[in-house]
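For reference, the structure discussed in these notes is given below.
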């Protein structure tokens, strides 16, 4: 019946328990925005951008690095830094271990260098699968060191940010990473270095309020949520409903907070053009 | 009415008792002076017990005390010829931050600080000391000027945090804070930052990057409020007291963690008990630290500032 077709069924799109069991874990992915179902492999080839609606899903750091840097050019920095539990915060160490197992990462940021269409560049890629890429001592230290390395080597620095904010379990030590990384950006800038920041979903709190906002160019991926305070906190504070697009990359662009919003598929070409123009300007070695 | 903190109640009760006995002694023929002396000794001991054993949560209460001296209180006691200047030149003037120039013992300085109100009316005008981007940009403007004219910068930190509002987000709260952190790392003049009350998160740090970060004995400095941490970690804002202990937000803990350089002692019972004496203690700290910093040449100053920040953090390699 046509009427049935239009009536809302509460769990229409939810697969039954039985159906779930038929699909091997992680083989299929569903676009969280439009609901289109993909094979994981197909989605991976598309850099986790939905072909139907263009939604940019979380991109694991290793796949982001592979998508941007020339094959075989990637050299990772500072692979030995280990996070401690300086405040002896309950269950912090266990949480770290769990995410290390889940992601096969040691911490929430990968730093290193490589070439993008031949242009040598230092970089940092944050990975929100690990503790929501919150900024603890190791994240701050690795980013500061990568900036120092870029300064010494006189090469550009590109950072892909993602973060829920501070690493609460490290208390003020986490807060001070904002100062450390910003001071490192200051030294890098002072030496004439080119810094490009690309904010991905989500970039909040202490990361948004430090290096993420300090690029010579600040970009974002489409639909990325970016802000200092989270939407819920803002709504509770001002007691008013916020617009649907509040804190999206497009909202920030409209409010003058970004240089451009760049589609993931265009990223390599776009960055190449910037690196090329800057090399012609003489700042990049 | 004066705000009474929970842990102070026994002290207040005993004080009232002594006052009562004293009044009785003067008003009647009965001489209770022996009794009074006894109680005064007890008060001395009680105060000592309480104020030397303050728990983190007690200090949170102290840092938030309605009568606690604010930036403008210290400015009045420590500086001469203070001139307050307004506006960020882009959008507006944020009353949650005060900034200006003054003389410190005859020497020109730039002073910047968060400013909360003491009355409800003033608190509303000053947004409870929680800045918008224009506040941070006003601070940046004055610090840039200090660097240009070679004046040391003194910052007073006293905020629950940057204001989490819609307009603040639209006008770039993150960028305003980030820019201050970066620029403060590079100003070629001595910068002394003093936490006088609450030092809440990025909004506090935005006036907190310098050569010295000092904290008053009963102030706090934290990545998130104890209430906020409790609600995120344990979905229970009521566990704030526990969060205050776990987060290590007191001056004593932060000195140990290497986050701050030194602690400025407070008068017994807290800074609000005696502003003039407290200002003297702050004065001494500024004088000592400024003397050390002014001996360094610009390059050494910046190099040491970088070293200080690059060393903060806990990791193994």
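Placement of Cβ uses the backbone N, Cα and C atoms for every residue, glycine included.
All annotation found in TrEMBL is predicted automatically rather than curated by experts.
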Quiz item: Pick from A:8-30, A:31-53: which stretch is listed in TrEMBL under zinc finger?
Solution: A:31-53
Quiz prompt | Extra residues within 8 Å (Cβ to Cβ centroid of A:31, A:34, A:50, A:53), Zn(2+) | solution = A:32, A:33, A:35, A:36, A:51, A:52, A:54, A:55
Exercise. Provide the number of Cβ atoms within 10 Å of the Cβ of residue A:34 (Zn(2+) binding site), excluding the reference atom itself.
Key: 12
Quiz item: Which of these binding-site residues has the least crowded Cβ, counting other Cβ atoms within 10 Å: A:31, A:50, A:53?
Solution: A:53
Practice problem: Quick one: average pLDDT across the domain 'CoA carboxyltransferase N-terminal' (A:27-285), no decimals. | Solution: 95
